[in-house]
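If you check Swiss-Prot, you get these features:
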- Glu174, Arg220, His443, Arg484: L-aspartate binding site (BINDING)
- Arg220, Asp221, Glu222, Gln229, Glu477, Gly529, Leu530, Asp531, Arg532: ATP binding site (BINDING)
- 198-201: region 'Aspartate' (REGION)
Amino acid sequence: MKRSMYAGRVREEHIGTTITLKGWVSRRRDLGGLIFIDLRDREGVMQLVINPEEVSSDVMATAERLRSEYVIEVEGFVEARQQANDKLATGMVELKVSALTILNTAKTTPFEIKDDAEVSDDTRLRYRYLDLRRPEMLENFKLRAKVTHSIRNYLDDLEFIDVETPMLTKSTPEGARDYLVPSRVSQGHFYALPQSPQITKQLLMNAGFDRYYQIVKCFRDEDLRGDRQPEFTQVDLETSFLSEQEIQDIVEGMIAKVMKETKEIDVTLPFPRMSYDVAMNSYGSDKPDTRFEMLLQDLTVTVKGIDFKVFSEAPAVKAIVVKGNADRYSRKDIDKLTEFAKQFGAKGLAWVKVTDGQFSGPVAKFLTAIETELSSQLKLAENDLVLFVADTLEVANNTLGALRNRIAKDLDMIDQSQFNFLWVVDWPMFEWSEEEGRYMSAHHPFTLPTPESAHELEGDLAKVRAIAYDIVLNGYELGGGSLRINQKEMQERMFKALGFTADEANDQFGFLLEAMDYGFPPHGGLAIGLDRFVMLLAEKDNIREVIAFPKNNKASDPMTQAPSLVSENQLEELSLQIESHD
């Protein structure tokens, strides 16, 4: 029989009609001779009633066989429920069953198919097809579909062209580790799965496409955390002849449309703009969460002359003030914060509390001479807790930025209903890598430097600034973009600044440099992490909740057991040998 509608969409207007429904048995109950079935499909749950006095013995026998997650087809008459269930969208009606067919049986599931089931992450991933039956998960993917639909409509209306770029591409340096794919035809050679379509989308601008977009899968072999996966999806844009501001206007319009259509939220445009330096110095992060205060305070000058060398001789001394919550933190609690601070390079964490109008704590005695000045500068009040870090500016910022976020969560200081977007601009072009012992691109080596700082490509690389912009939402980097280099001479200077010889640059990027000989237009763009965006809209804390078949924190799939061993024949065909490092 043809299904009449989704079970979760039956309403009062259907009372008095005969319909056919198909779905899964969510629950079966026997009460006073009647059998009640909760039938679940992707749109919700509908109550079925099977009365032995009104159905055949065959139907009754079939009903008695039903167990959770059996797949069934039913026909029946829609009636008003005697006792409405306000918790269900279908709670005003029920289906009086006249015909019942079992379409498939099911084993007992390893966990209950309900939103509040307590189950480990790996078990959820091992039985992902069951996990995805939970209503909450279905809603996540409906939301994701709405987001992508909204984005496509918006960009189509602006005459962006949707173009697919290659999945098998060339491995290039200056990024995370590539996933490599050996070539059977060209033995000893490898493709790389793209970390982004960066170069190919730039080449599309050279081809005259003018406006490109793609919702594209990307791959990075990097350590995982809650907002990262080895394969992820991004909304990728590139435009020709537009300024930084024009590109940002397009992106803001796209996000405003998504927010309105998926969350019914009117966001204020334009988004605030914050320089990279302000973000780091005031928030201790290049992706600041602006839903709460507790800004970093620079005390380096204030403490310079005191008789406490830890402070007076430190390159930088900075602090955050936990307002009105000193009594929430015992010595043991602060010790935990100290251990947390050490993860970010700090040697320790100094602190004082304001108790009965005076400083108390291990370093209070060293601050007596400047207590009044500090109190004024930090605007201290009774029961405030001050946390200090004395170290390099970078360590002080990073440590206090991380503490700021942790404490805000611990004290429930964040308004979870807010969606605070902002642009972080005026980025440094390079960042120093202790591991590599050299400067590396803060974004990528195709970013255009500012005209005022480009001369430092042959001088002090720390002074080179980029025409780059990151879009931040609630403390997460949502995406990043820049204007790109379109002049060959500038691109060669950039490669040289990064330590490439001319031969190395030509070997890795010769095709791009050659393309710059053929009228490459000014261009720029941006990419937004779709998984992360949907995660935040769904108010989840892990992107696994919005990816259908994600990997775990070991980059493996407990369901398919990927990655897996392959046969010797397959390795031989690729001229590969596996060496053990045990």
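Here the Cβ of each residue, glycine as well, is placed from N, Cα and C on the backbone.
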Which listed residue (Glu222, Glu477) has most other Cβ within 10 Å, given these are binding-site residues: Glu477
Cα distance (Å, whole number) from His443 (L-aspartate binding site) to Glu477 (ATP binding site): 13
Number of other Cβ atoms within 10 Å of the Cβ of Arg484 (L-aspartate binding site) across all protein chains: 23
Cα-to-Cα gap, Arg532 (ATP binding site) vs Arg220 (L-aspartate binding site), nearest whole Å: 15
Least buried by Cβ count (within 10 Å) of the binding-site residues His443, Arg532: His443
Within the region 'Aspartate' (198-201), residues counted as helix, strand or coil by DSSP: 4 helix, 0 strand, 0 coil
Cβ neighbour count (within 10 Å, all chains shown) around Arg220 (L-aspartate binding site): 20
Residue pair Arg220 (L-aspartate binding site), Leu530 (ATP binding site) - Cα distance, angstrom, rounded: 15
